[in-house]
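Asks: The structure's right below; bear with me while I get my questions together.
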Amino acid sequence: MKILDRYIGQVVMQTVLAVVTVLAVLFGMISFANEADKIGMADYTVSMAFMHMLLKLPLQIYQMFPLSALLGTMMGLGMLANHSELVVVRAAGVSIRRIILAVMKVMLLLILLVVFVGEVIAPPAYQYAVHSRVKAMAGKFSLNTDYGLWARDGGMIIHVRRVENDGRLLDIRLYDFDRETRKMRFVLSAESGVFDGEQWLLSKVHKGTILKDKLVLEKMPTLKWKTLLDPDLINIVTVRSHELSSFKLWNYIKYLKDNNLKYEEYELAFYNRLFMPLAIIAMVLIAVPFVFVSQRNSSIGQKIVIGFLIGIVFYIGNRLIGEMGLVYDYPPILAAALPTFLVIIMAAILLRRVR
């Protein structure tokens, strides 16, 4: 049995890793293509775009691993079925439960590896990718501190105290200096700012213009502000859930709760990450019955299509239930766990029929 377990596990591991490689190359090409229109902006070069793509890959590999596990399991067991090896194994009295156990042994090893990637490698790599691109594309000084974002656009010093998750700026200060004399020309403060696609629309604005012999004060309900700092560049101060490990994410959730700030989106991300290993196991369980049901009358290509469709449905369902949970104020742990448990229940029903 150990030889059989090792053989099945080896085949499944090879196909899972092959799927991971193919998807990584595909996502990498898409990511690099998305960066193409940004190449040439300020100091952003082709090599930096390529490095940005590589640094984002660990996160993408982590996020797409449930799909990789599903496709890899279906392909691995499908190859054995097409070569009639599964028929021989079943004729020898080996149960489906035993085959699942052989797959799970190698899958647990891969789960440990992918969790390490998602917790240790992906967060700092993604954070560095975003921050390095921001600094290169801005072509100007920027500093992210505990007191918000400081940046420079020409002769203007910009301070944004806080950036909301939806991209809205709060508590904005602009200090405009003459680039030749270095004398301050005006100071502007705004309560908030929203990007309308081309420029920022500032609300509740106070402006103080410094003239030779006097200070002119203005108060405006709104003001249009054109700057090179678009949302992609200025939202560096926003904390993203995938830039944090689970431990740091949990501490950040506690900080948001203690300060009466919105935390539900981060809590949902935390529980999604917590249930990731179980989601991978669910994908393996749902793959097995489809292989045995169609082992005689479907090709590897058909199995890939079926697996891909199942993975897409799971991904969309997971996102949809999560968003509905945020809208209707369901417990985040329920929104994160429900799709996975639904797949496990479906897999159990299908496995019972296969037997």
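Using the three backbone atoms N, Cα and C, a Cβ is placed for every residue, glycine included.
Worth saying up front: this structure is predicted, and the values here are computed from it rather than measured.
Found this in TrEMBL, in case it helps:
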| type | residues | note |
| --- | --- | --- |
| TRANSMEM | 12-33 | transmembrane segment |
| TRANSMEM | 61-81 | transmembrane segment |
| TRANSMEM | 102-122 | transmembrane segment |
| TRANSMEM | 274-292 | transmembrane segment |
| TRANSMEM | 304-321 | transmembrane segment |
| TRANSMEM | 333-351 | transmembrane segment |
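Show me how these features fit into the structure around them.
Replies: Cβ atoms under 8 Å from those of the transmembrane segment (304-321) belong to residues 66-67, 70-71, 74-75, 272, 279, 283, 286-287, 290, 294, 298, 335, 338-340, 342-343 of the same chain, restricted to positions at least 6 beyond its ends.
A Cβ distance under 8 Å defines the sequence-distant neighbours of the transmembrane segment (333-351), meaning residues of its chain 6+ beyond its ends; these are 96, 268, 271-272, 274-275, 278-279, 281-283, 285-286, 288-290, 293, 314, 317-318, 321-322, 324-326.
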Asks: Six or more residues out from either end of the transmembrane segment (12-33), which same-chain residues have a Cβ under 8 Å from its Cβ atoms?
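Replies: The answer is 49-50, 52-54, 56-57, 60-61, 64-65, 67-69, 71-73, 75-77, 79, 103, 106-107, 109-110.
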Asks: Using a Cβ cut-off under 8 Å, which residues of the same chain at least 6 positions beyond either end of the transmembrane segment (61-81) come close to it?
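Replies: Apart from its flanks, the transmembrane segment (61-81) reaches 8, 11-20, 23-24, 27, 87, 89, 99, 103, 107, 110, 114, 117-118, 122, 242, 276, 279-280, 282-284, 286-288, 290-292, 295-296, 298, 300, 303-304, 306-308, 310-311, 314-315.
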